[in-house]
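S.K.: Summarising the annotation, TrEMBL assigns active site, charge relay system to Asp148, His215, Ser552. What TrEMBL lists as domain 'Inhibitor I9' is 25-111. The domain 'Peptidase S8/S53' annotation in TrEMBL covers 139-593. What TrEMBL records for 392-466 is domain 'PA'. If you look up TrEMBL, you'll see 665-759 marked as domain 'Subtilisin-like protease fibronectin type-III'. TrEMBL lists 1-21 with the feature signal peptide.
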Amino acid sequence: MCLQSLTLLIIFTLFYSHAFALKKSYIVYLGSHAHPFTLLSQAHLDRVAHSHRTFLASFLGSHQSAEDAIFYSYKRHINGFAAVLDDKKASEIAKHPNVASIFLNKGRKLHTTHSWDFMLLEKHGVVHKSSLWKKARFGEDTIIANLDTGVWPESKSFSDEGYGDVPARWKGSCHGDVPCNRKLIGAKYFNKGYLAYAKFPSNSTFETPRDLDGHGTHTLSTAGGNFVPGANVFGLGNGTASGGSPKARVASYKVCWPPFKGAECFDADILAAIDAAIGDGVDVISASVGGDAGDYMNDGLSIGSFVAVKNGVTVVCSAGNSGPKPGTVSNVAPWIITVGASSMDREFQAFVELSNGSRFEGTSLSTPLPENKMYDLISAADGKAANASALQALLCKKDSLDPEKVKGKIVVCLRGDNARVDKGQQAATAGAVGMILCNDKASGNEIISDAHVLPASQINYKDGEAVFSYLNSTKDPKGYITAPNTQLHTKPAPFMASFSSRGPNTITPGILKPDITAPGVNVVAAYTEATGPTDIESDNRRTPFNVESGTSMSCPHISGIVGLLKTLRPQWSPAAIRSAIMTTSRTRDNTRKPMVDATFHKATPFGYGSGHVQPNKASHPGLVYDLNTGDYLDFLCAIGYENKVVQLFADDPLYTCRQGANLLDFNYPSITVPKLTDSVTITRKLTNVGPPSTYRSYFHAPLGVEVSVEPKQLTFSKVGEEKMFQMTIGATSEKALGYVFGELTWTDSKYYVRTPIVVQLSS
């Protein structure tokens, strides 16, 4: 080849590579489909895909270019496609009248606190629900879908022993390397959005619904795992494990993959999975994923969940693990049940003992120390390697510890920055015999049980300060870590996890999020056997059950309870189910005092929403705040979406935003008034789902706020009867600035329908 031709080839290659690099993966949302699923044929679906190609071809110039660009056509219930486009074409498409929205294929994270829980059937537990289990026949009529990292089908939690035939309404299937049975009735994977974003070529790692991470098996078994006697984690927490709906059928939709630039689960894949799940016939979608809260029309999980709820499917999502910082809650769309995380009354205790006689309660799932004796202690900062800073060493980061300084000693590390189990790995690599992990101030009293690779215990912030003080007070510090043991009936419980994302809702401040809290700290559940319990490559241990923490773990607790309610109350809408869960929750712990956060300060609705779930009471709420698709469309109009966009969302070209649609009158089971400067009146509607009765209103007004309710009494004579009431809220002369909290309760002395009141007072 001549030099001139070679130069032209290089220039062309560089130009092509640069042009390709400028392209990004986008989702083009065209609204919902009008066709009923029962009438769909493959030919019909092919025509939908062809219409998407034709639409895109009008911008790209040819059908072939459109076919090359599109990597998903959403053909069943969601109407739209995902394609690789440059920004200019995306801007042109956004202006088309048939486009509801076009947005980037964003990445999300799993909501675990790496290392990274499943409820035990224990009569003492704060999540005990055997009464509801029996009434709802253990959720046997429900199909629960999980959007996550896949499933480990060999787990006993997915055994179909004793199950009848798969429901005839089920349309789903399993991918070849994950066999279906009468319990695990679906397993699919969705990877095109991930691969388009990462620009990876596909291989066998990305072409399986099998769980190679553990997160998906853990969350799915928490929601719907079967009864497994003798479940334990390395001998700890022994009991009969089960999910919230132990006899439900379950299906896994794998949408999360190895992290790429901090993201694991992509909107394009999430939309494809939700579209498939609705068509397959699921009743509940559980999604322990999320990212930063954003515009509802530029959020794949928000759009997909709206279409699911419109089709009668209840969607439950995790609130996120970015707490305790305010305004961090994610998955805030009002048609989603958003779940925070709190503790339970079971701990895996491993005490830290010092030679001065001090003894501190910690937690761990690790093996015991090799000898029953006091060991030399060293602060990780004092054990730093020559090329590491004191802070890097204190955090026990990779290659920050000097083996000559820490070998044979118990190293004291500080929580934060890198994974808890990674700190233990670094200590073990440097030759330490054990690790004491001390909480940072933000983590407070929240201590998390991990299956560390060496003997270890995690202690709270105050006790950690005492350990560091002891290290500084003596030239010969010594200590010991007791073997872990299971302790029940611990107090106080529940309390809010520090990691659980907090309100206020930054997208729509007039909607309280999260909605509810549930157990999300040190939860035991089924696990993959493709990796070790720490997910560290060198960890060769395998366990069929593992302990994990995060709102990823609390989310499927609620999903399992939803499954029970779907079986017990099949006529209830997703909004009625959410209302029942929220209005029957509690805000006091097992000491009968108000719930606290991880620093043991009083918690607020920005942490727990309506409160901590009480499953048995949720089955008989008395009254519910119900919502339908029209109410959600009114909500979108009220917060400022254009009529054209709402029309596409409604799948109704004749839809017109209702005159006077007001967010204050949106029939949500919580009442939130941001920036109150004057008196406002709020309207709500209650639907009777219990026996005929008369309810009276009682309220605890927020500090600096005047509240009145009219009428003060509501009489219901039959199931399904609806009654309206109005609440007027105004500021008193002694008002303080900021958020204040109260509650409204309707009761007939048997049922208590409690609603949080959140008011932001402004000058």
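Cβ coordinates come from backbone N, Cα and C, glycine included.
Are these features on the surface or tucked inside, and what are their neighbours?
M.R.: Listed in sequence order, the residues of the same chain lying 6 or more apart from Asp148 (active site, charge relay system) and placing their CB within less than 8 Å of its CB are Leu110, Asp211, His215, Gly216, Thr219, Leu220, Ser252, Tyr253, Lys254, Val255, Cys256, Ala287, Ser288, Val289.
Across the domain 'PA' (392-466), mean pLDDT in this model comes to 96.
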S.K.: Could you count the residues of the domain 'Inhibitor I9' (25-111) that DSSP puts in helix, in strand and in coil?
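M.R.: Helix, strand, coil within the domain 'Inhibitor I9' (25-111): 37 helix, 29 strand, 21 coil.
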S.K.: When a 10 Å sphere is centred on the Cβ of Ser552 (active site, charge relay system), how many other Cβ atoms does it contain?
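M.R.: Excluding its own Cβ, Ser552 (active site, charge relay system) sees 33 Cβ atoms within 10 Å.
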S.K.: Specify the count of other C-beta atoms within 10 Å of the C-beta of His215 (active site, charge relay system).
M.R.: 29
S.K.: What are the DSSP helix/strand/coil residue counts across the domain 'Subtilisin-like protease fibronectin type-III' (665-759)?
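M.R.: Final tally across the stretch: 1 helix, 61 strand, 33 coil.
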